[in-house]
Each structure stands twice: as structure tokens, then as C-alpha cells.
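The block underneath contains the structure these notes are about, expressed in C-alpha cells.
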Ligand code: NAI
Ligand code: MG
């Protein structure tokens with residue numbers, strides 16, 4: 001029986017992970033859940049956003065189902081104690097270097113997209129974001145300049161092994177799709193990006209069946225809105241991937257729709273919606289649970305090797321949406337619970 005570490009976290013995290021568990025429960029799978037506090041919720045009970053017991057559970061489990069962390073009550077805490085450190089810590093400690101963020105248009109949802117329907121209808125892409133390097137993990141600090149001005153810095157840094165392994169993941173995923181890979185960087189101004197491009201080109205020699213192109217991040221942001229249909233798989237660094245995937249979500253219709261998988265080199269992973277804790281709607285039953293439900297499906301498919309129930313969940317979400325089920329972020333009136341019920345009904 002597979003052990004799932006359930007880390008619900010803060011804000012809407014517990015609301016959307018509960019929805020995901022309800023859907024998983026309806027499938028009567030051989031799963032066992034164990035819960036642990038994380039983020040602000042953990043800081044409240046244990047004085048740390050990622051208590052050792054929580055990390056130990058995540059390490060022991062076959063997969064981690066994660067909600068979101070972040071709580072404005074802790075905005076004044078120093079950076080290393082903020083709730084968000086929990087997710088950064090989990091990614092680093094578990095070696096989750098590959099973040100897979102699929103974005104695909106749902107039939108009948110073109111009207112909710114920020115793009116024109118005929119453009120939105122063509123979205124079917126996968127963002128492969130590097131997750132354990134870049135400015136998020138480089139040297140950070142505060143100080144004073146020589147003239148006494150306050151200064152802050154975050155070092156952007158990658159080594160060739162880090163770039164090569166995420167590039168490889170990008171190429172491998174492209175092989176399972178339309179065999180087109182776009183590597184996104186900022187090689188016109190950043191040294192890290194020049195290394196990135198060099199290494200991606202080297203890795204490309206092992207994947208001659210995949211068509212590789214390079215694009216600057218600013219252009220990619222523009223192209224994603226102009227013509228997202230041109231992309232199949234995008235591979236990029238931590239910071240660019242973070243921004244581009246939030247942007248991709250709005251092209252699909254809502255950030256409440258996009259799931260993600262964060263994987264280590266063996267395929268073990270943490271699964272979470274790409275959105276955060278949404279304190280502005282927390283506790284109101286307004287959150288769209290689809291991103292969390294689809295994250296559970298990714299967990300079944302990727303880490304637990306249960307493609308059949310994963311496919312059933314994905315089909316049920318698509319059917320519920322096609323049938324008109326909409327939470328407020330999609331212009332509808334359904335609560336989190338009612339949206340979950342619509343998915344359950346479509347599961348049959
Ligand atoms: P956010 O993703 O939480 O919210 C952005 C906007 O989207 C808000 O207006 C929110 O109401 C809406 N939204 C998000 N998820 C939704 C859903 N499922 N259904 C309907 N509407 C939804 O990003 P924001 O506001 O920048 O950050 C809030 C907190 O979450 C911060 O503390 C941030 O650091 C944290 N965060 C945590 C992440 C994680 O745990 N992996 C990822 C991103 C942010
Ligand atoms: Mg983000």
C-alpha cells in the first residue's frame with residue numbers, strides 16, 4: 001500500500017487538498033494518507049515552517065500531496081522562518097529538481113481565457129522548470145554600499161550538471177509529446193544563461209529526434225500570449241519558469257486549474273497546484289479545487305504508476321468543466337465543495 005504524505009499547509013491549501021483526497025477516496029485505491037503540518041500552520045504548532053517530523057514523513061512517503069504555504073500573519077518574520085521556506089526546503093531536501101507544469105485548454109473553457117478563443121484553443125504545452133537552483137538558492141544577503149545605501153542581492157547560479165539534468169528531462173518529455181523543445185533563457189545578458197544554452201546544445205546531441213530551439217525569456221513571455229500553440233515543451237530555469245507558468249495558467253483560464261509535479265532523479269515526487277495559499281479567498285469555500293485534483297492525478301500517474309485512475313480523474317475534471325461547472329475564478333458560482341461534487345459525479 002502506497003503511503004502519501006499529506007501536507008495541506010496554509011490558506012486554501014487545506015481546502016483544495018481535502019477536495020483532492022475526496023476524489024482519490026472515491027476511487028478506492030490502495031493508498032494510505034499520513035498528515036503533517038507545514039508552512040505557517042507548522043510555525044504555529046512547532047515554531048518552524050518545516051519541522052523535522054514533517055520532512056521525515058515526506059522522505060518516508062511514496063509521494064507527497066502538497067497544498068500551499070504562505071500566510072500574511074508571518075510577513076514580518078525574517079526570510080528563513082517564513083512559511084514559504086517550507087516548500088523551498090522540501091524541494092532542496094528531497095532533491096526535487098524537475099518541476100513539470102502542464103497547461104492545456106479545456107473544451108468549453110475558451111471564454112474564460114485571457115486570450116482570444118481561437119488562440120486559447122491551441123494551448124497544449126508542458127513547462128519543465130528547474131527547481132533547486134537559480135536565484136532562489138544562490139547566495140543571498142543584505143548590506144550597505146560604500147556610500148551607505150541599503151543593498152540586497154540574490155545570486156543567480158547554475159552548474160553544468162544541474163543544467164544538463166533538467167535539459168535531459170525536457171528532451172525526454174518532448175519525446176513523449178510532439179518532439180519540439182524550446183529552451184528559454186536570457187543568454188543575451190546573463191552569464192548563467194550562456195552556460196545554460198551551451199549545455200542544452202550539448203545534451204541535444206543525444207536527442208537528435210527532438211527539434212530544439214532557443215528563446216529569450218522576454219520574447220517567450222510575449223509569444224506565450226501571442227501564439228501559445230507554437231509551444232510543445234518549454235525547458236527553463238527556476239525564476240523564468242515560475243513566471244512563465246503563472247502566465248500560462250491565465251492563458252488557460254485560471255491559476256486554479258494548473259497542477260504540477262516536482263520530481264527527483266528516481267521519479268519520486270511532490271505534487272501541488274501551481275497556485276499559492278490565496279489568503280484573499282481562504283476560508284470562504286471559493287477556491288477552485290481542479291488544480292489540486294489534477295495534481296493528485298499527476299501523482300498517481302508519475303510516482304505511483306497508476307495511469308488508469310489518473311486518466312479517469314483527468315477525464316472527470318474535463319467532463320465537469322465541459323458540462324459547465326465553474327468556480328468564481330472561471331466566472332461561475334460553484335463553491336469548492338460543489339465543484340468537487342461535479343468532478344465526483346463525472347467520475348461515475
Ligand atoms: P496565489 O496563487 O496564492 O494567488 C494569486 C491570485 O489567484 C489570488 O487572487 C487568488 O485568490 C487567486 N487564486 C489562487 N489560487 C486559486 C484557486 N485555486 N481558485 C481560485 N482563485 C485562486 O499567489 P499570491 O497571492 O502571490 O501568494 C499568496 C501566498 O501564497 C504568498 O504567501 C505566497 O508566497 C504563497 N505562494 C505559495 C506557493 C506554494 O506553496 N507553492 C506558490 C505561490 C505562492
Ligand atoms: Mg509562482
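Just so you know, glycine gets a Cβ as well, placed from its N, Cα and C.
From a predicted model like this one, the values you see are computed outputs, not experimental measurements.
These features come from TrEMBL:
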- 91, 101, 129, 218: substrate binding site (BINDING)
- 218, 242, 246: Mg(2+) binding site (BINDING)
- 276, 277, 278, 279, 280, 281, 282, 283, 284, 285, 286, 287, 288: NAD(+) binding site (BINDING)
- 3-343: domain 'Isopropylmalate dehydrogenase-like' (DOMAIN)
- 136: site 'Important for catalysis' (SITE)
- 186: site 'Important for catalysis' (SITE)
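Feature map: annotations from TrEMBL on the structure.
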residue : record                 : Cβ within 10 Å
101     : substrate binding site : 24
242     : Mg(2+) binding site    : 19
246     : Mg(2+) binding site    : 15
276     : NAD(+) binding site    : 21
278     : NAD(+) binding site    : 23
280     : NAD(+) binding site    : 10
282     : NAD(+) binding site    : 20
284     : NAD(+) binding site    : 13
286     : NAD(+) binding site    : 19
288     : NAD(+) binding site    : 28
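Among the binding-site residues 278, 280, 282, the ones whose Cβ sits under 6 Å from an atom of ligand 1 are, in sequence order, 278, 280. Proximity of the binding-site residues 242, 246, 276 to ligand 2, judged by a Cβ distance under 6 angstroms to any of its atoms, singles out 242, 246 in sequence order.
Cβ packing within 10 Å was compared across the recorded positions 129, 186, and the lowest neighbour count falls to 186. Considering other CB atoms within 10 Å as the measure, the emptiest surroundings among the binding-site residues 91, 218 are those of 218. Of all the binding-site residues in the record (242, 278, 286), the one with the smallest CA separation from residue 186 (site 'Important for catalysis') is 242. DSSP assigns residue 278 (NAD(+) binding site) to coil in the three-state reduction, placing it in neither a helix nor a strand. For the pair formed by residue 242 (Mg(2+) binding site) and residue 278 (NAD(+) binding site), distance between Cα atoms is given as 16 Å, rounded to the nearest Å. Comparing C-alpha positions, residue 276 (NAD(+) binding site) sits nearest to 246 among the recorded positions 91, 101, 129, 136, 246.
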